[in-house]
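Asks: Below you'll find the structure I mean.
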Amino acid sequence: MSDALNETAGGARRVAVAGLGAVGLRVAEALDEGLPGCALAAVSANDLTRARARLGRLRTPVPVVPIEELEPLADIVVECAPASLLPAIAEPFLRAGKTVVVLSSGALLANEALVDLARAHGGQIVVPTGALLGLDAVTAAAEGEIRSVRMVTRKPVRGLAGAPYLVENGIAIDDIAEPLRIFKGTPREAAVGFPANLNVAAALSLAGVGPDRTTLEIWADPALTLNTHHVEVEADSATFRMTIENVPTDNPKTGRITALSVIAYLRKLGAPLRVGS
Ligand SMILES: NC(=O)C1=CN([C@@H]2O[C@H](COP(=O)(O)OP(=O)(O)OC[C@H]3O[C@@H](n4cnc5c(N)ncnc54)[C@H](O)[C@@H]3O)[C@@H](O)[C@H]2O)C=CC1
Ligand SMILES: O=C([O-])CC(=O)C(=O)O
């Protein structure tokens, strides 16, 4: 669906927020404060009563509904819920030819049918830069030939605690005194083992050489306070290295910049000057 069609009669795109945690609450508040060309239209949460109370401070109250009731209310949904809910949130919007902004990008790797659904109905899945950086440069390099993409993530222990990969492999990190490499593999493997911690690796892989050719190391570092991602890309057009050190939100797994990347995306939708892709 074209941008022109994907608007309400009044011109503002109606935006739904699915999941009201570290990312969703910040995005909903920014929409309520005012993003040109966008209007907060509805919100979904696990506990609807609690969500209504949390949103009591909004200037303009919006419906708080279960995820299956969001689609008729909005043109765009921002998915910022647990990864397992991605298909339930995305499918109705894509089937209606609408836009889904996906934060649980790791879950896209096991749900490639969503891309087919978007293609079939003229919808669009958008993966924002989230907690990473430089996806514009990686997609540009992918228009030429990328030889390799390597990522090393270092997180404080509390940013990794409870990940299924650690539990299943009996890897204890609570009392480590030195940095410990806990994983070496691909974003496809990490999306299974670290579904709430490594969306950035999935996003990077989708921008570049895919989830099986991108290499990934994950380190738990007891001295760190910031979620740190280092990326090295070798391509025929350029060689580049990038590092981001993310200040965690109340959710230690999620950096503050994640919600801001969604807000920046929404702001660009209606802006007369758009910087970055
Ligand atoms: N792409 C990226 O760079 C990043 C992606 N993420 C991912 O984004 C997603 C959101 O992250 P956070 O806001 O930090 O997570 P969060 O855990 O703080 O919030 C998720 C919210 O979804 C709600 N929820 C649970 N079941 C629900 C249901 N049935 N219907 C509606 N809401 C429901 C939870 O109550 C919670 O408030 C996660 O999957 C996370 O892994 C997080 C950081 C960076
Ligand atoms: O660094 C962060 O803030 C979040 C992160 O790694 C992810 O979810 O992929």
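Cβ from N, Cα, C; glycine included.
Where the annotation comes from TrEMBL, it is an automatic prediction and has not been curated.
Residues or ranges marked as domain 'Aspartate/homoserine dehydrogenase NAD-binding' in TrEMBL: 19-128. The NAD(+) binding site feature in TrEMBL is assigned to ALA131, ASN199. Taken from TrEMBL, the feature domain 'Aspartate dehydrogenase' applies to 177-263. Per TrEMBL, active site is recorded for HIS229.
I'd like to know what surrounds each of these features in this structure.
Replies: With DSSP states grouped into helix (H, G, I), strand (E, B) and coil, the domain 'Aspartate/homoserine dehydrogenase NAD-binding' (19-128) comes out at 54 helix, 20 strand, 36 coil.
Around the Cβ of ALA131 (NAD(+) binding site), a 10 Å sphere holds 26 further Cβ atoms from the protein chains shown.
DSSP assigns HIS229 (active site) to a strand.
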Asks: Output the one of ASN199, HIS229 that, of all these recorded positions, has the highest number of other Cβ atoms within 10 Å of its Cβ.
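Replies: Selected residue: ASN199.
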Asks: Any idea what the Cα distance is from ALA131 (NAD(+) binding site) over to HIS229 (active site), rounded to a whole Å?
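Replies: Computed Cα spacing between ALA131 (NAD(+) binding site) and HIS229 (active site) is 9 Å.
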Asks: When the pLDDT values for the domain 'Aspartate/homoserine dehydrogenase NAD-binding' (19-128) are averaged, what is the result?
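Replies: Mean model confidence (pLDDT) across the domain 'Aspartate/homoserine dehydrogenase NAD-binding' (19-128) is 97.
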